[in-house]
Every structure is written in C-alpha cells, then in structure tokens.
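Undergrad: In case it helps, Swiss-Prot gives these features for our protein:
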BINDING   Q162, K334, R363, S364, K385  (2R)-2-phosphoglycerate binding site
ACT_SITE  E204  active site, proton donor
BINDING   D241, E282, D309  Mg(2+) binding site
ACT_SITE  K334  active site, proton acceptor
Amino acid sequence: MIFIEDVTAHEVLDSRGNPTVRASVTLSDGTVASAVVPSGASTGKREALELRDKEARYGGKGVLKAVANVNERIAEVVIGLDAFNQKAIDDEMRELDGTDNYSNLGANAVLGVSMAAARAAAKSLNIPLYRYLGGANASILPVPMFNIINGGAHANNSVDFQEFMIMPFGFSNFRDALRAATEIYHKLKAILNAAGHSTAVGDEGGFAPNLKDNEEPLKLIMQAISEAGYEAGKQIKLALDVASSELYKDGAYELEGKKFSSEQLIEYYAKLCEKYPIFSIEDGLSEDDWDGWAKLTARLGDKIQLVGDDLFVTNEKILREGIQKNIANAILIKPNQIGSVTQTMQTVRLAQRNGYRCIMSHRSGESEDSFIADFAVALNTGEIKTGATSRSERNAKYNRLLEIELENGEFLGDDI
C-alpha cells in the first residue's frame, strides 16, 4: 500500500496579497504534491470557517494558526493513511476537527491537505487529476463564465451588481470559446477607453468602470459582443452575479439609491431578461430571503438558470433543504466553502441527481493553483466561473483547460 508519509504547510500570498495556506503531501513512493487554498471577498454566512490569526502581522490576516494545525495536528492523523482513499483522508480530518464548519482546524488548513492529497495520488498513478477524481468518463470541458465587468464587493465603483459575465455557448470547442470571450474582453476595453471610462480591473480581472447604473454594463457588453463580430443570444449569452446578500438590509434590497422588495426585484430581473440574452442570475436574492427565493424560482426558474452561491455555500445539507423547497435550479461549487474534496463531490452529486446545474468556481483571492479546472472536468459540472482572461491566477485555470482539451476533451457548448 502506498501511504501518506508526510504532510506540511506554509504561508504564501494569494492574488490580493493576503496570506493563504500552501499544503504539501509526500507519499511513501516519493511522490510530492502541493495545493494552495483560495479565499473569498463576499462570503456566505454559513461557509466553512477560514482561520485567520487576527494578530498585528498582515493586518490580522495571517494564517500561521492554520499552518500550525496542518503541521502539528492534521499530519498526526493522516500520516500512514492509504494515499488512494480520499474519503478516508477527508473523514479523518473532519473527525479531528469535530465541528460542522471546521472552526477548530480551519477549512483553509483542511482543504489544503485534501487537495494536495488528491493531487499526490493522481501524480503517483501518473494520471491527470481530473481522471483520478472523475474516472474514465471525465472528459467534458465546461462552458466558462467570464467576469468582464466588476462591481459590488469586487470593485470600488458605483455598480451594485458584483459580476457581469459572458458565456460563449455557440462554439464547437473550448479553445474557440476562450478566444471569442477574450476578443470581446479586449473590444470592451477599447469601448471603455473611447468613452473615457477607467479600464482598471477588479479582483477577478474584469473592468471596474464607474458607470451610472446596473444596466449600463449590459449595454456596453452587448456593444462589445457585436463589435467583436459575434452574435449575442446565439453564440454569446450573459450572466449576472448580483451578490444580493450584500444589498439586503432590514428586509429590503438597496440598489441604485432605491429600496426594492423581493417581488419588485424579481420583476426588475424579469424585465432585464426580456431586454438582454441573460442565461444565468446568481444570488439574485439574499441567503436569508428563502420566501423570496421561492417566488423568484416560480417566476423565472423555467426561463433562466438561478444559481445559489451564498444561498447554498456548497453545503449538502443546505442544498437538500433547497431542493425540497424548490429553491433555485443551480448551485455554485466552491470547495473552500465546505472544506474538503470529498464533501464538495458529495454536494455536486446531490445536485446532479436532482437536476440542479453545477458551476465550479474560483474565489476573488486566488493563486496559480489550477485544481478547480481539473475538478470541473472530473465532476462534469458543465460550467466554470474563474474570472476574466487578464490575470495570471485566472488564466492558470483556462490554460489548464486548454491542456485537458488536447487530451481529447469535448466541449459542452450548446448541449448545456
């Protein structure tokens, strides 16, 4: 049996210059692999706990406590375990922590080891990570969601919605979809420049211009699609991440200087969907507004994709409740929201069994680690959300997907 021989961790920096955990796993056959844990900006209340030091260094954001938990506590229980039994490795860490949200060890400690262990096992077998986690049939390239205009918590501007995205559906392969999205991105930059807008980018690589309202980004993106030579609605569709939990105060939604009830905001979305080729709206209502979510799903659930991110936080138990109540029809998948590879896979399988679409997702604080690219293919999520094509930590994922495509991957495209 090939077993885990050593586990270590140290502090590194993410794409926002904040500390995060890099974990390394060494196997008894000499294989060594590592993984870097991402970190979110807008986070759901029920996410697994990201352990920060809360001391003077790095403005309180150091992760030396999480690193110590890997080196001193997690190592003790996973060393000697079968390298190819991912569930046993993850279960051992979960039992050691003893809480539902990893508030003892920190999800950033546990996930780092979980990801590194999976990567080490794949490397030991000399097979790609997506093949190790997904089996022989894992070969479908996801449709990407490119975040090309940022607002909300991801940018310092007057736009309320957090992300305005394009989805290149109408292409026969991933590389052409990637090229189209990139050409639209560059065309958008030229349009913004010509109009005197800032082309500074937000955390995820999208532009963050100071626009007058939440509809102006949609108009600019439609213009960019057309001027780049593509057809909106047929080849390229739009997607929004409203991140509305950030807008929800005292039972109402505050945006564009006005207050909206759940019903009013739902009708606002319905009108946007009539005017623009919107395929997906993420976190259209607050994670606390379940009654509103039921109304949103009844109103638009048969027309567009309604994604729960803060709503479900990649949590199997919460998703099951949402399924029972007919809340949303899709779920964003962020491994660090739940804390381990195994738990992430369990949530995806529950969603897929119940007809919910899955979107593998990055966080705003990312790294050069491309784990989620393989994970999306492994789990056949069908969609991936990992930013614009302008920052290296985002392009690391797209470039990995290009590699996977060379290994006979198929692109989902319109079959989504």
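For all residues, glycine too, the Cβ spot is worked out from N, Cα and C.
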Undergrad: Which residues, sitting 6 or more apart from K385 ((2R)-2-phosphoglycerate binding site) on the same chain, put a CB under 8 Å from its CB?
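TA: P144, M145, N147, M165, L332, I359, M360, S361, H362 - these are the non-local Cβ neighbours of K385 ((2R)-2-phosphoglycerate binding site), listed in sequence order.
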Undergrad: May I have the list of same-chain residues other than D241, E282, D309 whose Cβ is within 8 Å of the Cβ centroid of the recorded Mg(2+) site, in sequence order?
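TA: Nearby residues not in the site list: Q162, E163, L240, V242, A243, I281, D283, V307, D310, L332, K385.
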Undergrad: Checking the contact step here: among the recorded positions E204, K334, R363, S364, which have a Cα within 10 Å of the Cα of D309 (Mg(2+) binding site)?
TA: K334
Undergrad: Taking only the Cα atoms, work out how far R363 ((2R)-2-phosphoglycerate binding site) lies from E204 (active site, proton donor), in Å, as a whole number.
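TA: The Cα atom of R363 ((2R)-2-phosphoglycerate binding site) is 8 Å away from the Cα atom of E204 (active site, proton donor).
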Undergrad: Considering Cα atoms only, can you say which of E204, D241, E282 is the nearest neighbour of Q162 ((2R)-2-phosphoglycerate binding site) among these recorded positions?
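TA: Nearest in space to Q162 ((2R)-2-phosphoglycerate binding site), counting only the recorded positions, is D241.
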Undergrad: Just checking, which of Q162, S364 (binding-site residues) has the fewest C-beta atoms within 10 Å of its C-beta?
TA: S364
Undergrad: What does the structure give for the C-alpha distance between K334 ((2R)-2-phosphoglycerate binding site) and E282 (Mg(2+) binding site)? Integer Å is fine.
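TA: About 14 Å separates the two Cα atoms.
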Undergrad: So how many other Cβ atoms are close to K334 ((2R)-2-phosphoglycerate binding site), meaning within 10 Å of its Cβ?
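TA: Excluding its own Cβ, K334 ((2R)-2-phosphoglycerate binding site) sees 25 Cβ atoms within 10 Å.
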